[in-house]
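Quick notes on the structure that follows.
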Amino acid sequence: MLIHGITGSGKSTTAKKIEEFIWKLHESNIKIGNQLLIPVYISLPSLKNPVFQAVEETLRQVEYGFDDLQLRECKEKLGKKEFRFLFIMDSYDEMKLENIQKNLYFHNEIKQNWSDPLVIFISRSEIFTSIDYIDWFEPQQKNKFKEIELLIFDQEQTNEYLEKFTMQSIKMLIFEIYEMETQIKKGSIDIKKFEMCWGQLYSILVFLKKNEFISFENIEALRSLSINLSKLWSIEKYQNIMEQQNLNKLVETPYMMEIMVWVLPSMMIKSFDIIKMKQNFINNFSKIFKVFEKSEYLIKMYQQQQKKHLIKLNNEIYDDKLDITQQDIQNLEKRHYYQITLKIWDKMDENLIPIQLQLSQQFSELNIQLLKILEPKLLLQNHMLNKVEIQNESIISLVCDALKEYNLTSFDFYDEFISYYYLKQIEKQKNLGKSINFDCFLFDLQKYSIKLAKIMTRNEMTQVQYKYQGLLFKDEAEEEKWLNEFFNDDGKKGNYKKDIRSCSLIQNKGQNFSFVHKSIQDFLIAADLYQLLALSKELDGQVLRYLVEEISKGQIGNQDCQFIKEIFHNKSNNLSLFVRSQQFADKIKLTMKLMKIIEKHDFNLINYSTEIYSETRKHLISKISQENKVIELFKFLVHLTKKDYKFIQSGSNSLNLLVEMQVDLTMQNFSKIQITNTSLIGANFAKCNLSQSKLENVDINGINLNGAQLFNCKWKKLLIQELFQLNDHYSVQADKSICLWDVKTGQQKFKLNGHSDQVYSVCFSPDGTTLASSSEDKSIRLWDVQEGKQKAQLDGHNSSEVYSLCFSPDGTTLASGSSDNSIRLWDVKTGSQKAKLDGHTSYVNSLCFSPEGNSLASGSNDSSIRLWEIKIRQLFQPSDKKDKEILAEFQKCPFPDNVTYYPFLIIQQALNFEAQGALILRGEFVHHSGIDLKTLLKQKGSYFLDCIKKN
């Protein structure tokens with residue numbers, strides 16, 4: 001049997017419960033299939049040789065203590081069928097990567113060696129990357145194999161958990177009072193009697209005062225209990241906060257639910273701290289107001305375009321002085337949203353709203369209060385950009401949303417949970433009478449835990465086995481020496497180390513040590529990385545962008561980070577006032593200081609893109625995805641690889657994280673970057689300049705190189721596997737005509753005949769005067785709506801059905817999608833084809849222009865959505881002088897029509913490598929197996945300039 005689920009779904013708990021259940025059956029002499037079952041719990045990550053010696057190695061461990069004689073006797077009894085083993089093989093996914101995908105049932109010869117026992121494998125679902133994962137576990141008799149998946153929490157289970165937790169919290173508080181009072185009276189604590197009384201509980205205070213077993217005369221104890229009970233959250237409060245903060249997506253597993261219920265109350269108290277509240281509000285409101293205002297401008301612009309067409313149709317005069325243009329939308333980027341947000345906060349602060357929220361933690365009356373004090377005209381007064389009137393209600397709604405959003409992530413919950421746990425454990429140590437310097441002890445505890453987590457993960461371990469040896473003589477292997485640092489308590493500070501370990505989230509069973517949950521181990525590494533990246537908050541984004549520009553110019557001589565000193569000491573009058581200022585000099589010093597820290601950190605030494613760090617990356621990304629300073633630092637580190645080889649690994653890790661965070665990397669100048677030992681799966685480098693870049697041992701599956709410039713690249717040992725898809729077509733029977741109806745009267749106005757087969761799509765022009773139609777007869781027809789007559793016929797889809805149509809907002813261009821997998825752009829006035837857009841691998845069944853008409857979205861049966869640039873026809877221009885000269889040589893060459901048209905964004909499930917319109921000159925593109933990838937690039941539509949030159 002295979003039992004699997006996502007991280008934190010309770011897999012190992014399930015395994016333990018099964019073991020306990022089978023032992024209870026055994027103790028009661030209950031047989032299954034006429035045999036007594038004996039469970040053997042096998043922790044696969046703790047074994048040295050799980051592939052061939054899993055059972056023997058487990059039975060020889062301290063928990064079971066078998067020697068050779070006992071193993072032989074055990075097998076003899078199994079042969080006589082006196083009992084039968086149930087092997088519970090836990091944490092298959094946490095073995096070393098070299099052992100994953102190996103069938104342990106076959107390799108261990110379990111059926112032959114152990115008389116056909118029952119076997120249960122426990123694993124994390126995320127490792128099942130191929131459809132044949134069942135083969136990793138199946139026995140020879142496949143009909144006996146069973147599979148169970150532990151599903152994520154649904155709402156009913158979440159509510160049930162909350163109910164049990166709240167009742168248990170009340171129970172624990174009462175028990176603590178009972179325990180304390182019993183000890184004061186020098187009585188004995190009777191757990192069974194307490195449980196019996198708890199079962200009869202109907203009123204807590206009455207129970208405490210009158211129950212024969214728990215009678216309190218101490219009024220202080222009762223008052224303390226009342227205060228503590230009032231601090232507990234009700235089920236409804238948990239539910240309301242979780243819904244308000246959109247936390248249900250974070251609590252899909254029992255373990256995450258356990259963390260959340262423990263720390264959410266304390267996190268909410270911290271969130272209502274005035275300083276924290278202000279930071280959250282400024283960060284939230286500036287972002288959502290910017291998005292809201294831009295969307296309002298786009299909507300207004302689209303409405304104006306429609307109105308303009310209607311007015312021109314009636315030969316009326318149109319006043320376009322107040323028209324919103326594309327330039328207006330671009331100018332919104334110049335608006336000081338931060339200053340607007342500060343104005344709003346100051347206005348709320350004047351009226352004591354933050355303090356009221358801190359005290360009440362309620363938002364019910366907030367709308368009414370804000371309506372009295374906020375006026376949009378006052379906030380946006382005297383601004384040349386105010387072409388759209390912002391309603392007061394909209395501002396109020398955005399302010400409320402910004403105040404309610406605390407931006408809580410899984411990282412925050414783990415961080416709070418671990419801090420809370422450490423604090424409680426240190427308090428216990430103090431209560432035991434130990435003299436502890438809190439700050440020093442906490443520092444050592446954090447460093448101890450993080451360092452152990454990093455070493456274990458690096459060695460692909462989730463459990464370690466430490467054998468205690470003698471005081472006088474020790475016989476340790478070289479690979480086990482590092483274990484002494486964490487588990488050898490014989491030295492001078494042995495007792496201190498033992499105290500540290502007892503306060504950590506490390507558990508031990510016999511000689512095996514592990515973190516209480518693998519996600520804790522993953523998180524601690526993420527916390528260490530964030531501690532480093534958080535230093536970027538002191539950096540200046542303007543300074544980092546300036547340094548990137550200087551690096552990209554290629555005018556700096558030094559080949560290491562000392563080039564920053566060149567800029568620091570450069571007093572040229574050609575530099576701007578800011579660059580020559582003392583403030584800039586101070587910022588440069590901070591940057592150099594951080595670079596020195598990064599150079600020695602694991603972030604610059606280890607490849608964090610591998611599978612063993614996948615959960616660590618998820619934790620980290622949940623925290624940094626909205627932190628602009630961290631993103632700026634990542635971009636700087638990527639560019640720094642152009643000049644300083646010492647930062648190649650940190651630059652590679654940075655680029656991997658930027659890709660996984662889905663930061664926009666299109667149209668960037670990445671020429672000369674050096675990236676190694678990382679994954680760029682799904683990266684979007686459309687229209688980027690990657691000339692003279694060096695990539696080695698990089699996974700490039702599913703990357704988008706459409707329109708990229710790849711001159712003299714050296715890409716070696718690349719990892720890529722192409723996925724092939726089949727085209728699919730359909731046909732249905734339908735009428736060949738188009739009917740126009742008067743929606744007011746319900747009467748038919750015209751019947752448009754002309755198509756010789758079924759009509760697939762119709763679309764009105766924005767001014768409503770023209771109707772476009774497409775059909776299975778392979779044609780597109782334009783109709784005069786007022787006359788009910790055909791105006792033009794557009795042919796060009798290579799005898800293929802045309803499934804979709806869409807007019808541009810200005811009505812001058814018609815886009816059509818066809819079963820020939822292409823999109824074509826037509827000039828509506830002349831009927832001529834303007835362009836052909838290739839890229840989809842199946843028929844195009846949906847098209848839509850953006851409101852401003854610069855972009856076109858297409859949907860296809862190849863399960864992808866693609867975004868195309870329509871009006872910006874030029875290629876990304878390189879900044880490097882040599883590249884410009886090279887490109888100039890080929891300006892008069894006969895490029896095909898589709899070179900300047902390619903999707904810059906592709907949304908799909910499948911990982912498809914894209915390189916349409918990429919310009920390649922010389923260079924190396926070599927697969928890790930030694931295969932030249934230039935053939936693949938040609939198949940994907942790349943253009944080889946050296947071939948043009950020869951022709």
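Cβ from N, Cα, C; glycine included.
Please treat TrEMBL annotations as automatic predictions, because they have not gone through curation.
Since we're looking at a predicted model, the values are computed, not measured.
Some features that TrEMBL has for this protein:
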| type | residues | note |
| --- | --- | --- |
| REPEAT | 752-793 | repeat 'WD' |
| REPEAT | 795-836 | repeat 'WD' |
| REPEAT | 837-871 | repeat 'WD' |
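DSSP labels the residues of the repeat 'WD' (837-871) in these numbers: 0 helix, 19 strand, 16 coil. The residues of the repeat 'WD' (752-793), classed with DSSP into helix (H, G, I), strand (E, B) and coil, number 0 helix, 23 strand, 19 coil. When pLDDT is averaged over the repeat 'WD' (837-871), the result is 84. Secondary structure of the repeat 'WD' (795-836) per DSSP, as helix, strand and coil residue counts: 0 helix, 21 strand, 21 coil.
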